[in-house]
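Student: First, the structure itself, so that you have it in front of you.
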Amino acid sequence: MEGNGCGGSGATPRGVVGMHWAPVVTSPPSPQPPFLPPAPCRPDVQMQQQGGLTCLKLGKRPCFWGGDGAGQVAQGSGGGGGGGGGGSADQGKRKEKAATAVPVVPRCQVEGCDITLQGVKEYHRRHKVCEVHAKAPRVVVHGTEQRFCQQCSRFHVLAEFDDAKKSCRRRLAGHNERRRRSNASEAMARGSAHPHGMPVLGHGFPPYGLPTSSAGALSLLSSARATGPWLMPTPDISARSSAALDELIAENRAALLSWQFFSDRQPPPAGRPTGRSPGSETAGGWHAHLQARPPPPGAGGQHENQSGHVTLDLMQATTAAGGSGAPFRPVPARPPKEGGDAGCTSDAWTPSPMEGARVV
């Protein structure tokens with residue numbers, strides 16, 4: 001027992017020394033890391049994993065990018081390499097299938113028509129109908145008699161068409177309604193263009209001899225109003241009527257003078273008034289006014305303005321048209337207007353009260 005104890009006691013310090021050997025050593029122990037670093041990952045795998053987080057890859061398995069352990073990352077990288085090989089193989093198979101696939105050629109959908117639509121228009125290719133059956137009044141599609149509507153670009157049953165129309169009833173009704181609406185708006189616009197809402201007569205031209213508007217008549221003597229707006233805004237209807245009558249009288253006198261100029265001093269046909277006496281042939285007409293000396297101030301006739309243009313004054317004294325008709329007397333000149341008629345005399349010639357009104 002003692003020997004054993006001695007032996008034990010002798011072995012005890014040795015064992016104690018052996019148990020306390022590590023702290024007694026003077027050399028410092030090597031520091032142990034708190035955790036193992038993750039396994040190094042290849043740069044290409046790391047780029048693929050980062051790309052999987054920032055982009056959409058539909059139809060592919062996403063990468064496992066987590067911080068749970070390095071083993072999963074390593075397994076994911078290994079599996080990614082295998083998956084990359086499988087993906088490239090799948091892509092190669094898809095390319096082979098696409099190369100070997102025959103393109104579908106569009107054909108006419110009418111039963112019994114096997115015409116390919118390769119060299120036809122894009123319209124017929126898109127709607128799968130040939131040009132002949134697109135205009136046919138009756139075809140068989142899906143076992144039913146139908147007709148191709150040109151506005152809907154599709155086939156309808158025959159009950160949706162009126163007689164031999166190429167468009168269905170619904171589209172034709174909408175088209176007619178739009179046309180009616182546009183015609184009504186145009187008519188309203190034409191009516192609103194007139195001061196009193198009077199519609200345009202005939203084909204847009206007034207009857208011969210009537211003024212072109214209720215506000216006044218177009219004058220042949222006023223060149224400024226011929227190029228610009230010539231409507232005369234007047235307060236009442238009586239003033240407008242007087243202005244229109246003045247314009248018509250002036251136009252009639254201008255026509256008479258032009259006829260005298262082109263008559264070339266020939267005797268007129270029987271029954272046609274000449275508007276001048278037999279002895280006034282040399283005095284009347286335009287030849288008497290083509291003189292180098294300008295007429296005296298206040299006398300009617302032809303005068304030359306500063307620009308060199310020759311102007312015929314129609315309100316001259318009745319030297320040419322005073323033989324057979326009633327004597328006319330000029331009305332006092334009206335004040336100049338704002339429209340540019342400065343310097344023009346009155347366009348009206350009124351008969352004397354003893355002779356009465358007489359308009360040629």
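Cβ atoms are placed via backbone N, Cα and C, with glycine included.
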Student: Using only what Swiss-Prot says about Zn(2+) 2 binding by C149, C152, H156, identify which of C130, C168 is listed for that site too.
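Tutor: Looking through C130, C168, the residue Swiss-Prot assigns to the Zn(2+) 2 site is C168.
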Student: If we count other C-beta atoms within 10 Å, could you say which of the binding-site residues C149, C152 has the fewest?
Tutor: C152
Student: Which residues of the same chain, at least 6 positions away in sequence, have a Cβ lying under 8 Å from the Cβ of H156 (Zn(2+) 2 binding site)?
Tutor: Q146, R147, C149, C168
